Amino acid sequence: MGKPRKGWREKDASDHWNNQTDDQCKRFFKVLIGDFRKRLVLPDKLALHLRGKIARSIKLESRSGHTFDVQVAKNSGRVVLQSGWELFISAHGLKKLDFLVFKYDGICRMKVLIFDPSGCEKVPPCFFTKNAINGRQRKEESFDISSNYAKVANISSSSCSPSESSGGSTSSEEHEAHSVPSYILPRGTSLTNVQNKKLEEKVQAICSEIPIYVCVMKKTNISGEHQHMRFSGEYSEAYLLFREKMLMLHCHGKSWEVMCRSQVPSGQCKFQKLCKGWKRFACDNNLQVGDLCLFELLETKKYTMNVHIVRGK
């Protein structure tokens with residue numbers, strides 16, 4: 001067996017470039033290592049070849065047929081996928097050492113195949129496959145997702161999973177690889193220390209496989225003629241892939257049908273909002289300004305959410 005060439009480093013294997021001149025046939029792979037959750041660095045050869053041709057945002061399309069708008073930026077001289085990438089990671093349950101194969105399929109799109117460390121292709125989560133048809137029918141749109149960027153919080157999944165029967169301790173890297181993004185908080189939301197503590201305790205108790213959407217109740221949510229509740233663009237793009245649907249909201253053993261409808265305000269990102277039926281839900285549950293509503297999308301029931309309320313006072 002020949003010796004590795006001089007200067008070879010293991011991390012070099014994370015980038016691969018299939019040298020072809022056709023812009024429709026650019027392929028490369030990335031092994032998820034290091035700080036992969038925050039950003040993904042594109043191969044230098046791809047960035048050089050497509051210099052000036054890459055849009056400020058690009059669509060990542062997974063096997064499920066869903067597309068995610070991800071911001072393209074420059075960081076320390078490298079071209080990286082940034083805002084929106086973290087949501088792609090969380091939506092597909094990606095972990096350290098997963099293996100991603102990218103095909104650059106035009107100026108604004110990349111198709112992505114996902115494999116686990118054993119080399120087997122990873123099946124999209126079941127809540128993805130349920131909505132796959134809707135994902136393929138969505139109208140292609142391009143926007144800068146950073147204008148409505150949401151905070152995706154990671155809470156250790158150890159409290160949700162039984163300990164290893166072997167009793168052996170896991171390394172910090174293994175712990176990080178199995179860390180689950182637990183909730184999404186809209187940009188600009190400010191919580192007190194007490195609210196943060198209550199929120200994290202509640203999220204750990206719920207232990208959802210799908211990130212929970214958290215909204216702090218404001219006046220527009222609970223009073224006036226046009227009461228509504230808005231889901232951020234990031235959450236809507238990942239989990240609410242439809243134009244208009246009746247959602248079933250469960251809370252304290254009771255159920256409410258609430259209309260969920262997509263909107264695209266001028267110059268803003270598309271988002272989903274709860275409208276018809278939301279006023280009744282808010283009234284029946286005595287929602288007040290400052291209350292936290294945690295929306296848990298269920299995998300087992302289509303278009304159904306459990307709503308958990310953390311009182312502000």
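Yeah, the Cβs are placed from backbone N, Cα and C, and that goes for glycine too.
Note that the structure is a prediction, hence the values are computed from the model and not measured.
Summarising the annotation, TrEMBL assigns compositional bias 'Low complexity' to 156-171.
Residues annotated as domain 'TF-B3' in TrEMBL: 25-118 (among others).
Looking only at the domain 'TF-B3' (214-313), the predicted model's pLDDT averages out at 89. According to TrEMBL, the feature domain 'TF-B3' maps to 214-313 (among others).
For 155-179, the entry in TrEMBL reads region 'Disordered'.
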Checklist outcome for this item: Across the domain 'TF-B3' (214-313), DSSP labelling yields 18 helix, 41 strand, 41 coil
